[in-house]
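Enquirer: Before I ask anything, let me first share the structure, which is written out below as structure tokens.
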């Protein structure tokens, strides 16, 4: 029964999280990164208060009563879902934007672009798996997910192995949640300035996360462990704030809904494989530090796919710019060119 309940819980999370992120991304265009950061920051606040709150519920109502209350709180997601509506104005703006980019007299091309708008595109686009840029980003997602679930699982056992008191160990997760919250908001605000390309910003944050994970095993007391945990949590928050925006930039908003669902489906395989693989490495090495080295190395590999994706997009943009350049006149003198136009 426990496994069945966990399966239903995961299914419910996927059915609620994915549409919510999709709707937020459709509602905001210029400030999409900041909107996604603010929308996802709630889970950090809940993670910060959940531990003490859940312990208090257990002491007052027992395990069953505590789970029933938590389930009732989560049921309020349905209220939030009722309030969400498709934003038709944004779809019309995107359709009109497509029309302005279409040359005059090319009615068939204009109709095709209108059909690709989110308002009319209602079928799931499985053909995204044939697009190289999406495949590269999906591989990045798998490798990143293999690493993201490892630190929260092995941080507490690592602190126990260092002889840190249990009361101090619990505070590490609170520190992780607080700096995660700050990282999401700060990165969302910075990405909204459009100073740095989002894929470049994501590559930088992934590199910093891998560096902090590689340094975290060097901690030998509570203070150093808390500092490295803070660095990891902050850079993890920056990554969460911007990675959905990068997906929207990679595939475009007409295919964003399909891309988000397909990306999360593919990425979940990394979350399924990562923790057991880290546990196996810990058993073989006999040290919890090995799991953090594995997570850091996997993130370095995922950053390589982001660099490849950026190079592919730049090459594609240069090719499209060459194809859209106006043809130069072959006539030697401008006067002859005027005569030809007349």
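From the backbone N, Cα and C atoms, a Cβ is placed for every residue, glycine too.
As annotated by TrEMBL, domain 'Major facilitator superfamily (MFS) profile' applies to 133-342. What TrEMBL records for 33-54, 66-84, 134-156, 168-187, 199-219, 225-247, 259-278, 290-309 is transmembrane segment.
Help me see these features in their spatial surroundings.
Expert: Residues 12, 16, 19-20, 23, 54, 57-58 of the same chain lie 6 or more positions beyond the ends of the transmembrane segment (66-84) yet place their CB under 8 Å from a CB of it.
Long-range contacts of the transmembrane segment (168-187) within its own chain (CB-CB distance under 8 A, at least 6 residues past either end) are made by residues 33, 37-38, 40-41, 44-45, 47-48, 51, 152, 155-156, 159-160, 201, 205, 222, 225-226, 229-242.
Tertiary proximity for the transmembrane segment (199-219) is limited to same-chain residues at least six positions away from its ends with a CB under 8 Å from its CB atoms, namely 144, 147, 151, 158, 162, 187, 190-191, 225, 227-229, 231-232, 235-236, 238-239, 242-243, 246, 249-250, 289, 292-293, 295-297, 299-300, 302-303, 306-307, 309-310, 313.
Within its own chain, the transmembrane segment (259-278) has Cβ neighbours under 8 Å at 14, 18, 21-22, 25, 124-126, 128-129, 134, 137-138, 141-150, 153-154, 244, 247, 250-251, 290-291, 294-295, 298, counting only residues six or more beyond its boundaries.
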